[in-house]
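Have a look at this one.
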Amino acid sequence: MFMCKDRSVCIGPAVSTAALIQVEPEKEDDPWDLPELHDTGVSWADLDTQGKVLRVFRSVGKFILLLGLLYMFVCSLDILSSAFQLVGGKTAGDIFQDNEVLSNPLAGLVIGVLVTLLVQSSSTSSSIVVSMVSSGLLQVSMAVPIIMGTNIGTSVTNTLVAMTQAGERDTFRRAFAGATVHDFFNWLSVLVLLPLEATTGYLYHLTELIVRSFHLESGENAPALLNVITDPLTHAIIELDESVITGIATGDPEAKNKSLIKIWCRTSTNTSLQNVTLANCTRGMCWEWRNVSETLNIRKCGHIFVNTELPDLAVGLILLAMSLLVLCTCLVLIVKLLNSVLKGQVAKVIKTIINTDFPFPFAWLTGYLAIIVGAVMTFIVQSSSVFTSAITPLVGIGVISIERAYPLSVGSNIGTTSTAVLAALASPGDTLTNSLQIALVHLFFNVSGIVLWYIVPFMRAPIWLAKSLGDVTARHRWFALIYILVCFFLLPLLIFGLSLAGWAVLLAVLLPPAILLLFVVSVNVLQGRWPHALPSCLRTWDFLPIWARSLEPWDRVVTVVTACCCCCKCCEVAQGDEEAGPVNKGCEMESHNNLAMANDSEEKEKVPPPPVVLKMTVL
């Protein structure tokens with residue numbers, strides 16, 4: 001119906017169209033989506049000839065600089081391993097000597113973790129185990145849990161590398177999850193396979209059957225692929241005599257008094273027949289002919305610590321500080337360089353190649369190809385720590401997804417065992433069987449872990465566990481440090497100490513927390529998937545106090561403690577400034593944001609000073 005004010009103008013009724021417009025709710029961004037790396041520079045088509053030539057030279061220069069930084073990164077990891085061996089190598093050898101403790105599977109597992117943390121090399125700790133088995137000091141069945149522990153200990157390096165990316169929240173979320181997905185795979189594999197091995201011994205019997213089915217002969221030394229490139233630099237800084245650690249572990253009394261720093265790089269052994277006088281001889285012939293071996297030192301090593309008089313601990317601490325400084329510097333520069341290089345079309349191509357699956361129906365083969373790539377790359381660099389630490393920054397900046405980093409990390413576990421198999425094939429004929437069996441135990445342990453936690457898609461628990469931990473550490477970054485300290489230091493030390501007291505004490509202390517943890521995990525899974533299966537009181541954790549179900553109260557405690565330390569420093573600086581005059585008041589903090597109040601000096605004098613707690617909160 002129209003309303004006409006006059007005969008010429010008619011106005012229609014006002015009809016609202018608000019109901020016809022449906023505003024779609026904005027979708028929340030998934031923090032695990034790979035970010036778009038936009039190219040902010042001038043496109044290639046808009047450049048002139050000179051600009052194109054400069055861009056090519058700049059790209060080549062960045063690529064060469066990236067290779068140089070990766071080279072320094074790998075060398076710093078090698079020096080870091082040597083530093084840890086100097087600091088704790090002899091302690092690691094002493095730990096392996098207590099066979100009564102090693103007979104406990106849990107103690108053997110923890111010893112493998114701690115020794116690998118001390119020497120920062122699963123290859124070194126595995127070689128110690130192999131030498132002890134070869135010499136008859138350790139049985140193969142007792143060495144199986146130690147090999148499992150070395151698998152866990154070597155995964156701490158890339159977790160520490162992820163800590164260097166804590167500056168940006170989303171980058172740290174992805175980087176820490178990409179690093180800890182390796183940790184969760186190793187821990188979950190141990191939780192299932194260690195009890196299975198302790199009850200059935202399937203790894204021992206399987207590898208024994210394989211070794212006995214072949215007629216094996218001693219082979220050549222394992223190939224040194226990456227070491228050919230890195231040894232000139234690392235050996236110019238430090239070179240270690242790793243036989244000292246093995247000698248301590250095998251009970252050689254002379255090894256305890258030797259230094260780990262290698263002095264003579266070329267020696268020669270001469271054996272001659274000499275007349276030796278017999279001791280405590282009273283009558284008859286008091287001498288006899290014996291073959292006496294004499295070692296001749298021919299050429300000294302060329303590293304900078306060859307003539308040092310410093311103890312091993314001092315040299316180790318110096319190298320530890322130097323290698324950590326170079327490591328962190330290289331990581332920061334690598335991340336910045338990758339951010340400048342991997343953008344635009346280059347980033348799209350790399351992300352497409354790495355993260356795209358094969359077309360249907362072969363999409364399931366993509367992950368297994370990634371496992372093979374991870375194994376081959378680890379075999380080339382001969383270190384799973386180096387490979388996983390190298391892909392951690394790529395996960396952080398969004399080039400590699402968590403779903404793709406998982407099979408790459410799993411493949412690195414396979415690659416590091418292949419090096420051990422080749423090293424075992426280089427053993428003498430009389431010790432070849434035991435050495436190869438231990439290497440195969442390491443291999444089939446990781447293969448069993450893949451069968452458990454990768455083949456069936458819904459069993460890939462390490463991925464969602466790593467993402468959950470990444471979300472927590474992104475909100476509360478201090479929790480990342482707590483995770484590293486508890487999982488790799490405090491918990492292994494606690495289990496090792498309890499294992500010295502016997503099985504009864506170990507079970508009495510650890511069994512109740514283990515049952516409680518299993519109950520909490522089970523309830524959490526049911527709350528998320530089948531809440532109707534739970535009683536009403538367990539469908540949420542709201543009945544618990546807030547400190548028991550949330551990290552927010554602990555976050556406030558950490559903030560206040562950190563603020564207290566900062567306020568103490570500010571107070572010291574303020575006291576020093578008051579003696580010089582009331583000129584610098586940088587440590588004073590106001591609790592208001594009103595400019596009018598700040599400008600009114602009379603009102604400001606009447607206002608009492610803010611309490612200390614308020615100052616800390618503002619800080």
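First residue shown is number 1, and so on along the chain.
Cβ coordinates come from backbone N, Cα and C, glycine included.
In case it's useful when we look at the structure, here is the feature table from TrEMBL:
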| type | residues | note |
| --- | --- | --- |
| TRANSMEM | 63-89 | transmembrane segment |
| TRANSMEM | 140-163 | transmembrane segment |
| TRANSMEM | 184-204 | transmembrane segment |
| TRANSMEM | 313-338 | transmembrane segment |
| TRANSMEM | 358-381 | transmembrane segment |
| TRANSMEM | 436-456 | transmembrane segment |
| TRANSMEM | 477-497 | transmembrane segment |
| TRANSMEM | 503-526 | transmembrane segment |
Determine whether the transmembrane segment (63-89) and the transmembrane segment (184-204) share at least three Cβ pairs under 8 Å, counting only pairs 6 or more apart in sequence.
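Contact between the transmembrane segment (63-89) and the transmembrane segment (184-204): absent.
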When you scan the chain for residues with a C-beta under 8 Å from the transmembrane segment (477-497), skipping those not six or more beyond its ends, what do you find?
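Same-chain contacts beyond the ends: 101, 106-107, 109-111, 113-114, 117, 152-153, 156, 159-160, 162-163, 166, 172, 176, 180, 183, 187, 469, 506, 510, 551, 555, 558.
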Take the transmembrane segment (358-381) and find every residue of the same chain, 6 or more past its ends, with a Cβ under 8 Å from one of its Cβ atoms.
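Answer is 74, 225-226, 387, 404, 406-412, 414-416, 418-419, 450, 454.
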